Amino acid sequence: MARSLNEWLWQHEFWLPPGITWEDMQESEDIHYPQPRDLLLSIPFALILVVLRCAFERAIALPLSSKLGVRDKQRPKPQPNPVLETFYSTRCKNPEEGELISLAKQCDLPMRKVERWFRRRRNIDRPSLSKKFCEACWRFTFYVVSFFTGLAVLYDKPWLWDHRECWTGYPQQPLQPSLFWYYLLELSFYWSLVFTLPFDVKRKDFKEQIVHHAATIFLISFSYCANYIRIGTLVLVIHDASDCFLEPTKIFNYMKWKKTCDSLFMIFSAVFLISRLVIFPYTVLYNTYYYSMEIFQPFFGYYFVNALLIILQLLHVFWSCLIIHMVYKFILQGTV
């Protein structure tokens, strides 16, 4: 059964344009094509990134936060109470008035003390400022490294300047070592984000982040197997560009450097809106939807990769609405 499933999954009709089969993608001593088994390397590399992150946060980011004046607020701990702790862990972290009255009767406590207990208990679970600072420092370091790595890899590639070159000779486009390692770096990083998701700071867009990570991993993996490497590298560079400004904005916010934070936020907003709402649709979406049709007829891989790219674009629109709302409040109130 597993063999039949494997044969069905790797039918060339799913992965390759009409008229191309896996026999046409045979490797030689001088020509190498992406192999699905290569993606397995991203798992151990992701674990290495997790270890590097822990070492970086402990040895560099945490001491840096102290030197830059990032201080955690002292949060009073709630009194031990098994009944309230059980309710908090299994039922609800923010009980309604009726539940508070019932809990107060069970514990023989005034309702105000029960409310205070839940408020303090929620505060204990909130991530500290130093934790947020360390997380932002790690991501800023990676995004800067990955963005400039992408530019170094792509600056002499013809498809960076002429997007039709993404499809010249497709799918028989040999895999260059620099592109392989760049792809592996990015895929490993997003796997590491998935591994640390339960421990990272949970923000308001937590569910959207899960969708984003899943779509990104699927997109990177599928684009590698189907040899959409060229268009994939453009997607990665475009995404990293704005992230290089988002993380330092958070860092200066935690440091209480308001003017620097506000300035960086406006720069980030401009870069994000231009890169995600203008450059991405033209360079990537229009490219994969229209330019690719000049080379081959539609097939499953064409529809699948476009569907994943549209999911990413919908997330771009969602986050753009939040950013525009924040910019609007900044213009009216003078603060983010």
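Note that Cβ sites are derived from N, Cα and C of the backbone, with glycine treated the same way.
Remember, TrEMBL labels are computer predictions, not curated facts.
According to TrEMBL, the feature domain 'Homeobox' maps to 84-128. For the domain 'Homeobox' (84-128), the model's pLDDT averages out at 77.
Summarising the annotation, TrEMBL assigns DNA-binding region to 86-129.
The domain 'TLC' annotation in TrEMBL covers 131-332.
Distant neighbours of the transmembrane segment (136-155): 49, 53, 56-57, 60-61, 64-65, 178-179, 182, 185-186, 189, 233-234, 236-237, 240-241, 243-244, 247-248, 250-251, 254; these residues of the same chain sit at least 6 beyond its ends, with a Cβ under 8 Å from one of its Cβ atoms. Per TrEMBL, the feature transmembrane segment maps to 136-155 (among others).
Marked as transmembrane segment by TrEMBL: 180-199 (among others).
The feature transmembrane segment is assigned by TrEMBL to 264-283 (among others).
Positions annotated as transmembrane segment by TrEMBL: 303-328 (among others).
Within the DNA-binding region (86-129), the DSSP-based counts of helix, strand and coil residues read 32 helix, 0 strand, 12 coil. Cβ atoms under 8 Å from those of the DNA-binding region (86-129) belong to residues 65, 70-73, 75-79, 201-202, 254 of the same chain, restricted to positions at least 6 beyond its ends. Long-range contacts of the transmembrane segment (264-283) within the same chain, counting only residues at least 6 positions beyond its ends with a Cβ under 8 Å from a Cβ of the stretch, are 163, 234-235, 238-239, 241-242, 245-246, 248-249, 252, 312-313, 316-317, 319-320, 323-324, 326-327, 330, 336.
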